[in-house]
Amino acid sequence: MSTYTRPVMLLLCGLLLLTLAIAVLNTLVPLWLAQANLPTWQVGMVSSSYFTGNLVGTLFTGYLIKRIGFNRSYYLASLIFAAGCVGLGVMVGFWSWMSWRFIAGIGCAMIWVVVESALMCSGTSHNRGRLLAAYMMVYYMGTFLGQLLVSKVSGELLHVLPWVTGMILAGILPLLFTRIVNQQTQARHSSSISAMLKLRQARLGVNGCIISGIVLGSLYGLMPLYLKHQGMANASIGFWMAVLVSAGILGQWPMGRLADKFGRLLVLRVQVFVVILGSIAMLTQAAMAPALFILGAAGFTLYPVAMAWACEKVEHHQLVAMNQALLLSYTVGSLLGPSFAAMLMQNYSDNLLFIMIASVSFIYLLMLLRNAGQTPNPVAHI
């Protein structure tokens, strides 16, 4: 049976369009607020409302999938995201936009839970790494192309909202031509997020998603600031960020394939070790290009491998709940990491960004090394 079936390919096509819209809005919303002369703290609050929406959306999507299935949950998530986009054109204001970005955040989180859960339920322990790698490749490619779109088209609010909304609605179309079966509805017992978080045999996967959130959130949010403080121009900052993201895209498929072939525990150990090496290399500033490349290739691929590790430890009907737990863990890490790193950078030194990344990665590496010989056979193999 092919790894990339017709439903999987159509699902990824829809995700690409939705990710383009997400990237465009995430880039332009802060700029629109600044043009409206809102103070910086209000711009930050609007951004926080989006991430709060992500948390809320993550919590209830599993129940929704169980009730109405993958397809309808996907349609509903896309429509909620589209509503959050259209609402931005009603009125530019702090409370209005905070509400609409909260709604958009819910829709986006629902999309991620639906897509990730559908891919995991479609795969097996032998190909789930490649499926999640393809998901991350599409996600990062959509993010990259979204940045290109922002630089090529008019950034005016009322010019952008119509075609972005159209792109969101177009993202629904691929799934109208296929049906993703939700085998979880056949299970007698449903699983909760809290139960998945407490599952001992999957704890390394959960911790890996938290670490991944800390690493990626810090790199995405604070690397441009670090480079700016090194005296680089905006064009140079854009180039080095492109190197970082491109490395993440290029690393997805090989890492997924290696994880499926040689085991996720071994690949996770190598990835975390490489993240530590890349962080140390960034501190020396001896060779920024290779240092950033290996940091991106290893750091950006942690999440799908950690997910695949956790998902092979649960029964098939528990996959949706496990995915919610993993996405929630990643979100928490991506909120905590940049906040703590920014505080260290402001009060002490910019180099503490990479010291923090290396430190949390080292702690996770110790957890992975302690797990030697404790690798029970996967149960989610059907």
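Including glycine, each Cβ sits where the backbone N, Cα and C put it.
Residues annotated as topological domain 'Cytoplasmic' in Swiss-Prot, with sequence analysis given as evidence: 1-7 (among others). If you take every residue in the topological domain 'Cytoplasmic' (1-7) and average the pLDDT, you get 74.
Swiss-Prot lists 29-44 (among others) with the feature topological domain 'Periplasmic'.
As annotated by Swiss-Prot, topological domain 'Cytoplasmic' applies to 66-74 (among others), with the evidence given as sequence analysis.
Taken from Swiss-Prot, the feature topological domain 'Periplasmic' covers 96-101 (among others). Applying DSSP to the topological domain 'Periplasmic' (96-101) sorts its residues as follows: 6 helix, 0 strand, 0 coil.
Per DSSP, the topological domain 'Cytoplasmic' (123-130) is made up of 3 helix, 0 strand, 5 coil. Sequence annotations record features per position, and here Swiss-Prot assigns topological domain 'Cytoplasmic' to 123-130 (among others) based on sequence analysis.
Residues or ranges marked as topological domain 'Periplasmic' in Swiss-Prot: 152-156 (among others). Among residues of the same chain six or more beyond the topological domain 'Periplasmic' (152-156), those with a C-beta under 8 A of the stretch's C-beta atoms are 28, 31.
Feature annotation from Swiss-Prot assigns topological domain 'Cytoplasmic' to 178-203 (among others).
Within the chain carrying the topological domain 'Periplasmic' (225-230), a Cβ under 8 angstroms from the stretch's Cβ atoms is held by residues 236-237, 240-241, 345, 350, 353, all 6 or more beyond its ends. Taken from Swiss-Prot, the feature topological domain 'Periplasmic' covers 225-230 (among others), and the record attributes it to sequence analysis.
Non-local neighbours of the topological domain 'Cytoplasmic' (252-269) in the same chain are 126-134, 136-137, 140, 204, 208, 297, 300-302, 304-306, 308-309, 312, 365, 368-369, 371, 375; each lies 6+ residues outside the stretch with a CB under 8 Å from one of its CB atoms. Taken from Swiss-Prot, the feature topological domain 'Cytoplasmic' covers 252-269 (among others), and the record attributes it to sequence analysis.
The topological domain 'Cytoplasmic' annotation in Swiss-Prot covers 312-324 (among others) and rests on sequence analysis.
Look at Swiss-Prot and you will find 370-382 (among others) tagged as topological domain 'Cytoplasmic', backed by sequence analysis.
For 8-28 (among others), the entry in Swiss-Prot reads transmembrane segment.
Same-chain residues lying 6+ beyond the ends of the transmembrane segment (45-65) with a Cβ under 8 Å from its Cβ atoms: 26, 29-30, 33, 38, 73, 76-77, 94, 97-99, 101-110, 112-114, 117, 182, 184, 193, 320-321, 323-324, 327-328, 331, 334-335. According to Swiss-Prot, the transmembrane segment annotation covers 45-65 (among others).
What Swiss-Prot lists as transmembrane segment is 75-95 (among others), and the listing cites sequence analysis.
Residues annotated as transmembrane segment in Swiss-Prot, with sequence analysis given as evidence: 102-122 (among others).
If you look up Swiss-Prot, you'll see 131-151 (among others) marked as transmembrane segment. Proximity of distant same-chain residues to the transmembrane segment (131-151), defined by a Cβ-Cβ separation under 8 Å and at least 6 residues beyond the stretch ends, is recorded for 3-4, 8, 12, 15-24, 27-28, 115-116, 119-120, 122-123, 242, 245-246, 248-249, 252-253, 255-257, 300-301, 303-305, 307-308.
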>> If we skip the immediate neighbours and take only residues 6+ beyond the ends of the transmembrane segment (102-122), which ones have a Cβ under 8 Å from one of its Cβ atoms?
In response: 5, 7-8, 11, 15, 18, 22, 25, 49-58, 61-62, 64-65, 70, 73-74, 76-85, 87, 128, 131-132, 135, 180-184, 307, 311, 316, 319-320, 322-324, 327, 331
> Looking at the transmembrane segment (204-224) and the transmembrane segment (8-28), are there 3+ C-beta pairs under 8 A, with each pair at least 6 apart in sequence?
Replying inline: no
> So how many of the residues in the topological domain 'Cytoplasmic' (312-324) end up helix, strand or coil by DSSP?
Replying inline: 9 helix, 0 strand, 4 coil
>> Is the transmembrane segment (8-28) in contact with the transmembrane segment (270-290), using at least 3 Cβ pairs under 8 Å (sequence separation of 6 or more) as the test?
In response: no
> Are the transmembrane segment (349-369) and the transmembrane segment (157-177) close enough that 3 or more Cβ pairs fall under 8 Å, when only pairs 6 or more apart in sequence count?
Replying inline: no
> Top stretch among 75-95, 291-311, 325-345, 349-369 for CB pairs under 8 A with the transmembrane segment (8-28)?
Replying inline: 75-95
